[in-house]
Amino acid sequence: MTWTRAVGTGAAAGADPAAVRPSQVAEGSRAGRGGRAGWLPARGPARVVPGPRATPFTLCYALVLLGTGLFSHLADPDLVRDLLAHSSTDVVNLAHRPLLSLVASGVWVAGGLLSPYIVAFLVVVGALERRLGGLRTAGIFLLGHVLATLMTELPVAASVAAGQLPDSSLRRLDYGISYGLLACAGALAGLVRPWLRWTLLGGVTAALLADLAEFTDPLTDWGHLLALAIGVLAWPYVRRAAQRREPGPSGRAPRSA
């Protein structure tokens with residue numbers, strides 16, 4: 001949650017009570033004890049639009065995605081394909097450069113600048129960051145991205161080694177933010193009201209199952225379901241973390257990552 005300062009005036013600042021307007025009394029009552037500034041939840045567009053103070057992780061990551069999206073749109077197509085191939089988290093890349101491929105695959109968004117994933121990222125990850133803070137949100141995103149990748153690619157490697165899949169399965173394009181985004185969506189569902197929680201989970205799960213039923217890219221579709229489940233399994237942690245960030249008796253939100 002984003003918090004903004006409300007500065008006390010009038011009675012809260014020690015002015016003559018007889019000269020204080022009702023609006024000043026109301027404002028001063030929100031300012032905390034001794035006329036100190038309190039913290040009020042931001043409302044309106046400020047709860048959706050990422051900012052450097054409220055949602056630094058979401059903002060910085062969105063700028064990276066904007067940069068790579070512009071690059072993929074403007075650069076030479078052969079160069080873009082080569083970079084995507086080296087960024088892919090397929091079995092070959094994970095075997096030879098696991099850290100690089102895991103990081104590089106997450107700075108591209110499937111579909112480029114027009115991808116709906118960008119809007120979903122701003123809304124979902126931004127909402128989670130307001131409740132958990134930047135570091136914890138980044139941790140949930142990274143956990144979903146890494147675990148869902150490994151849980152889908154390692155079985156491919158094992159199947160190829162056992163002769164159940166051809167060697168060509170070791171090479172494929174696998175990049176994007178969808179695993180991390182879905183993990184954040186699953187975690188966010190544990191922090192909202194019940195009606196919104198089950199609407200969010202039900203809608204996302206139904207869409208993912210529909211994709212899986214089409215059998216266009218079953219490996220990625222299973223990864224999406226696994227990433228969502230990872231976020232749901234994080235509910236006990238994110239709920240404790242969100243409670244620690246709630247404003248204390250003074251009305252001030254505690255400092256935490």
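In case you wondered, yes, glycine gets a Cβ from its N, Cα and C as well.
TrEMBL annotations: computationally assigned, not manually curated.
Database features, via TrEMBL:
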type	residues	note
COMPBIAS	1-29	compositional bias 'Low complexity'
REGION	1-38	region 'Disordered'
TRANSMEM	57-75	transmembrane segment
TRANSMEM	107-128	transmembrane segment
TRANSMEM	140-163	transmembrane segment
TRANSMEM	175-192	transmembrane segment
Same-chain residue ranges lying at least 6 outside the transmembrane segment (140-163) that approach it to Cβ under 8 Å: 89-91, 94-95, 102, 105-106, 125, 128, 132, 169-170, 174, 177, 179-184, 186-187, 219-220, 222-224, 226-227, 230-231, 234, 238
Within-chain partners of the transmembrane segment (57-75) [C-beta distance under 8 Å, separation at least 6 from its ends]: 50-51, 107-109, 112-113, 115, 118, 121-122, 125-126, 129, 134-135, 137-138, 177
Same-chain residue ranges lying at least 6 outside the transmembrane segment (175-192) that approach it to Cβ under 8 Å: 65, 84, 87-89, 104-106, 108-110, 117, 120-121, 124-125, 127-128, 131-132, 137, 140-145, 148-149, 200-201, 204, 208, 220, 223-224, 227-235, 238-239, 242
